[in-house]
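> Dumping what TrEMBL says about this protein:
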TRANSMEM  32-54  transmembrane segment
TRANSMEM  60-78  transmembrane segment
TRANSMEM  85-105  transmembrane segment
TRANSMEM  117-140  transmembrane segment
TRANSMEM  152-171  transmembrane segment
TRANSMEM  203-223  transmembrane segment
TRANSMEM  260-277  transmembrane segment
Amino acid sequence: MCFITLHSLPSFLQLESCTPRLRRRHIPIRRWIAQVLVLTFSSLLNNWAFAYHVPLPVQIVFRSAGLAVSMLFGFIFFKRRYSLYQIAAVAFVSLGVLLATFSRPSSSSSSDDPAEFGRYLLGVAMMTTSLILTGVLGMLQESTYSKFGPHWREGVFYTHLLSLPIFVFLIPDVKHGFVSLSSHTASVTSSAASPITHWATTYAPYIVLAANLVTQLICVSAVNQLTSRVTSVTTNLVLTARKAISLCLSVWWFGNGFNAQLGLGAGMVFAGSLLYTTDTREKRPTEERRW
């Protein structure tokens, strides 16, 4: 949050007078506040799901159901109409998500523990709530850009700036994360055999952290720019393709658990998303975006 806010700050800071101030907004602040609240709670729920033993591949596939949520919200709130082909494709995606959600490896020693399975279901409930909030966020973003124009840079800046006060309450968690990072680095460097190995093991976690910050900036900027130009359904379609790449990296590179049911579910999700792209007969609202 801080990194993206500081990166965007020079574009919105006015230094013409003695007292620096922010430039005049194109979009009312209440619009950004509403998006910040939804985005923050959605992100927190996604992060908390890790504590309830929901495997990363399952999380990636589960979040791909955002395509169905966006379509449902588009039908309810924007009065859009979709072809049977598109509806069937999204139903295919939803079924794939259900298969992937209940695809935990049966070889796990804790798979038969009711308490452990209850924690898993609680994590799934968190992701479900986050999924709905993500759909609400897409609706808010689309309506905002439709009414006020594609000021996506303003969206990136204000959604991150206004999120900072909320994270004051999460300072202990952030502090714990940095302490864990430092302690891990110290334990690894103590056994380093050479200066090069020592340097690599000392700074590698921080290099990864820096790379994560940069990629987050690129991702957030690209998604906001895309959202300002197309519907939320199309945005979710692009994000589903991105999740396909993430799932492949998670399974092939990091060795996360994979089984036939998860593979079938993931395949259905991504195949359904591709099928959706072959039908472009989504009926847009009669009032076109104006900018």
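Including glycine, each Cβ sits where the backbone N, Cα and C put it.
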> Counting Cβ pairs under 8 Å to the transmembrane segment (32-54), which of 60-78, 117-140, 152-171, 203-223, 260-277 comes out on top?
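The stretch with the most contacts is 117-140.
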> Would you call the transmembrane segment (260-277) and the transmembrane segment (60-78) in contact, using three or more Cβ pairs under 8 Å, pairs 6 or more apart in sequence?
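Yes, these stretches are in contact.
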> Which sequence positions outside the transmembrane segment (152-171), separated from its termini by at least 6 residues, show Cβ-Cβ distances below 8 Å to it?
1-2, 4-5, 8-9, 11-12, 25-27, 29, 32-33, 35-36, 39-40, 141, 144-145, 220-221, 224-225, 227-228
